[in-house]
Amino acid sequence: MTDLYAEALATFAALYAEAQNSAEPEASAMTVATANVDGRPSARTVLLKAFDARGFVFYTHLDSAKGRDLQTHPQAALLFLWRSLREAGIQVRIEGGVQLVSADESDAYFASRPRMSQIGAWASRQSQTLGSREEFDAAIAKVEATFEGREVPRPDGWGGFRVVPQAFEFWYGAKFRLHERWRYEADAASHWSKRMLYP
């Protein structure tokens with residue numbers, strides 16, 4: 001891990017801790033932007049579940065729209081927006097390649113989830129058409145009956161993605177739009193640079 005990458009990761013960690021201890025209602029919420037095989041972009045909000053020097057992890061159904069995007073076009077952009085921090089909020093952007101986390105990691109995280117969340121992962125066919133809420137409720141009841149009295153295993157089609165950073169951008173909001181921006185970026189040889197940007 002290069003010094004500048006370590007610096008960017010430490011900066012994120014400090015800001016994330018600050019957001020967790022602030023009035024932010026959901027500090028771990030992040031927008032994940034992907035593109036499908038035709039290059040059509042889409043974005044949605046998910047929760048950050050882990051991060052370290054290897055990257056930033058979230059979990060989902062692998063056959064969901066984002067899951068399919070990331071398996072056919074393994075690049076993503078993340079966006080954290082913490083409006084309550086500092087003078088006028090802080091925004092962090094992270095861009096990078098994407099890889100599946102190991103089955104062991106996915107198993108461990110799935111086992112830590114509330115039981116009803118585990119059941120929901122089995123009952124939901126994420127991103128597919130649903131005829132009615134009653135249909136979903138019936139699917140939930142069926143899964144509950146299937147696993148009654150025993151642990152709920154992780155579905156084969158559910159797992160984690162790790163975004164491996166190739167760029168970080170830190171935006172510190174200020175009055176009169178006189179913001180401060182810093183960008184850390186890796187080149188093709190994985191050499192990191194740091195520069196300040198006009199707001």
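Keep in mind that glycine also has a Cβ here, set from the backbone N, Cα and C atoms.
Per Swiss-Prot, the features are as follows:
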type    : residues                                                                                             : note
BINDING : Arg44, Thr45, Val46, Leu47, Leu48, Lys49, Tyr59, Thr60, Lys66, Gln91, Gln126, Ser127, Trp171, Arg181 : FMN binding site
BINDING : Lys49, Tyr109, Arg113, Ser117, Arg177, Leu178, His179                                                : substrate binding site
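Structural mapping of features recorded in Swiss-Prot.
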residue : record                 : contacts (Cβ under 8 Å, 6+ apart)
Val46   : FMN binding site       : Ala29, Met30, Val32, Phe58, Thr60, Lys66
Leu48   : FMN binding site       : Ser28, Ala29, Met30, Phe56, Val57, Phe58, Phe80
Tyr59   : FMN binding site       : Lys49, Ser106, Tyr109, Phe110, Trp158, Gly159, Gly160, Phe161
Ser117  : substrate binding site : none
Gln126  : FMN binding site       : Thr60, His61, Asp63, Ser64, Gly67
Trp171  : FMN binding site       : Ile90, Gln91, Val92, Arg93, His179, Glu180, Arg181, Pro199
Leu178  : substrate binding site : Pro199
Calculate the distance in Å between the alpha carbons (Cα) of Arg177 (substrate binding site) and Arg44 (FMN binding site), and round it to a whole number. 26
When you tally the Cβ atoms that lie within 10 Å of each candidate's Cβ, which of the binding-site residues (Arg44, Lys49, Lys66, Arg177, His179) has the highest tally? Lys66
Using a Cβ-Cβ cut-off under 8 angstroms and a sequence gap of six or more, which residues of the chain neighbour Arg113 (substrate binding site)? Ala121
What number of additional C-beta atoms lies within 10 angstroms of the C-beta atom of Tyr109 (substrate binding site)? 18
Among Arg44, Thr45, Val46, Leu47, Leu48, Lys49, Tyr59, Thr60, Lys66, Gln91, Gln126, Ser127, Trp171, Arg181, recorded FMN binders, what is the largest CA to CA distance in Å? 37
For Ser117 (substrate binding site), the three-state class that DSSP assigns: helix
In three-state terms from DSSP, label Gln126 (FMN binding site) for me. coil
Per DSSP, Val46 (FMN binding site) is which: helix, strand or coil? strand
